[in-house]
Ligand SMILES: *[C@@H]1O[C@H](CO)[C@@H](O)[C@H](O)[C@H]1NC(C)=O
């Protein structure tokens, strides 16, 4: 009897050892399987997400021109690739501010104030302090050849300003052409470390209304106020195939203003780098696109769609009469006497 019980006991012990061994094996192999592939999967997924985020479209694709205002006069709040177009009424300022308040973000803002363009800095900065990312950390980077003409404007607590001295140019076209290269270099030398988002803005402008976190996105362009109801064949795109900025007459979404380029630092770097390279190729062939960097920006945005678009509320011109669809003017180019501020015609 005792002998029989021993056999049963030993069988149970052996069975127990085998079972716990199995459990251990299964446990370690699942935890191993859990960790390892999850790591691989994560990397793959990120790569995929990164490329999915890039809204590249092929050359020569034929589709209808998107409209900004529908036939019944209502504004269109979304582009045909499902990027929001920011208009008054499409966002709740209190809600969107409190969402972004939880993120510790810095918005770098570059302006180019060369030659007499330093005249515009005072109004630009003073009006920005009233309207531009109020309550968020902003770092202005002012490029100028006359640092002594940068006005002392009182900045709010979280707003900072750095003056970057650059050599003078004799042609405004050259000033315009060198902006992309300067932006590219500044991003590489500082902004990758110092900011989350960057906007490159024209200085000959003023803020009249809120410009806040509703404008933040991966890649942001502003619809030019002069062409938002123009058939694309009439956009002032570069139409000569010998320029890198060439766009065929049957293509185009919107005409974007060169006065505003924004987005994540990494994505704006890509814009600046690509446009600078295209500008260099044109320069080597003595070709200058119709509207210099603006033409190259339009080409970039046509094939690399912005993830967010700013309606003409965010880029107006003071001389333009008010229209029904634009309820609020937030940022607008001031009326200027070109002869008085440009070094040449
Ligand atoms: C927020 O960002 C600033 C500037 O990048 C940094 O100095 C500060 O330590 C950050 N604060 C927190 C709570 O992360």
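Yeah, the Cβs are placed from backbone N, Cα and C, and that goes for glycine too.
Any TrEMBL annotation is an automated prediction that lacks curation.
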Q. 202, 203, 204 bind UDP-N-acetyl-alpha-D-galactosamine according to TrEMBL; which of 117, 132, 140 goes with them?
A. 117
Q) So among the recorded positions 202, 204, 294, who's got the most Cβ atoms within 10 Å? A) 294
Q.
Using the alpha carbons only, what distance in Å do you get between residue 204 (UDP-N-acetyl-alpha-D-galactosamine binding site) and residue 294 (active site, nucleophile) once rounded?
A. 16
Q) What is the number of other Cβ atoms found within 10 Å of the Cβ of residue 203 (UDP-N-acetyl-alpha-D-galactosamine binding site)? A) 23
Q: Compute the centroid of the Cβ atoms of 117, 202, 203, 204, then list the same-chain residues not in that set whose Cβ lies within 8 Å of it, in sequence order, for the UDP-N-acetyl-alpha-D-galactosamine site.
A: 111, 112, 113, 120, 124, 205
Q. Which one is it: of the binding-site residues 117, 202, 203, whose Cα lies the shortest distance from the Cα of residue 294 (active site, nucleophile)?
A. 202
